[in-house]
Amino acid sequence: MELTTRTIAARKHIALVSHDHCKKSLLEWVMQNRDLLSQHELYATGTTGNLVQKATGIDVHCLLSGPMGGDQEVGALISEKKIDILIFFWDPLNAVPHDPDVKALLRLATVWNIPVATNRSTADFLIDSALFSGEVTIAIPNYDRYLQQRLK
């Protein structure tokens with residue numbers, strides 16, 4: 001696939017997602033990084049977003065709960081280039097009814113080449129990166145060219 005570029009602004013649009021067994025860990029991570037995260041635009045699946053708002057006072061765009069379609073909403077926002085970073089603390093040891101949605105979400109984050117943290121260590125590396133608070137250009141699929149090729 002042909003690529004183009006997209007510039008991610010210094011003020012990031014960050015999606016927060018977590019499975020039930022990981023919510024406490026994600027909340028602790030958000031609290032630890034509250035001052036920095038409050039400088040960015042936060043989105044989250046329903047339960048996670050409400051827990052983050054209640055615990056931190058940070059405004060969060062709350063979507064549907066993951067099993068009710070929230071993971072797919074986040075995926076759609078990624079495809080629309082409205083999410084710059086995905087922080088997704090998922091539980092690899094417990095299956096969830098919406099596992100196909102989880103796989104689709106991670107696939108879209110990979111297709112659109114956004115940074116993804118699936119555990120606390122990776123989230124720490126990501127938020128401590130010099131790129132986190134600055135403008136950065138990433139390579140993404142050239143969808144217009146892709147569509148042109150498909151319509152030939």
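Each Cβ is built from the backbone N, Cα and C atoms, and glycine gets one as well.
Taken straight from Swiss-Prot:
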- D71: active site, proton donor/acceptor (ACT_SITE)
- H19, K23, T45, G46, T47, T48, S65, G66, H98: substrate binding site (BINDING)
- 1-152: domain 'MGS-like' (DOMAIN)
A correct count of other C-beta atoms within 10 Å of the C-beta of D71 (active site, proton donor/acceptor) gives 28
What are the sequence-distant neighbours of S65 (substrate binding site), meaning same chain, six or more residues apart, C-beta distance under 8 angstroms?
T45, G46, T47
For each of the binding-site residues (T45, T47), count the other CB atoms lying within 10 A of its CB, then report the residue with the highest count.
T45
In terms of DSSP three-state secondary structure, what is the assignment for H98 (substrate binding site)?
coil
About how far apart, in whole Å, are the alpha carbons (Cα) of H19 (substrate binding site) and the residue listed as 'active site, proton donor/acceptor'?
11
Around the Cβ of H98 (substrate binding site), other Cβ atoms within 10 Å, all chains included, total 19
H19 (substrate binding site) has its Cβ surrounded, within 10 angstroms, by a count of other Cβ atoms equal to 20
Tell me the coarse DSSP state (helix, strand, coil) of S65 (substrate binding site).
coil
Let me know the largest Cα to Cα distance in Å among the substrate-binding residues H19, K23, T45, G46, T47, T48, S65, G66, H98, as an integer.
17
Shell of the substrate site beyond H19, K23, T45, G46, T47, T48, S65, G66, H98, same chain only (C-beta within 8 angstroms of their C-beta centre):
V17, S18, D20, A44, P67, G70, D71
In three-state DSSP terms, the structure that T45 (substrate binding site) belongs to
coil
Per-region confidence, the domain 'MGS-like' (1-152) (mean pLDDT, whole number)
96
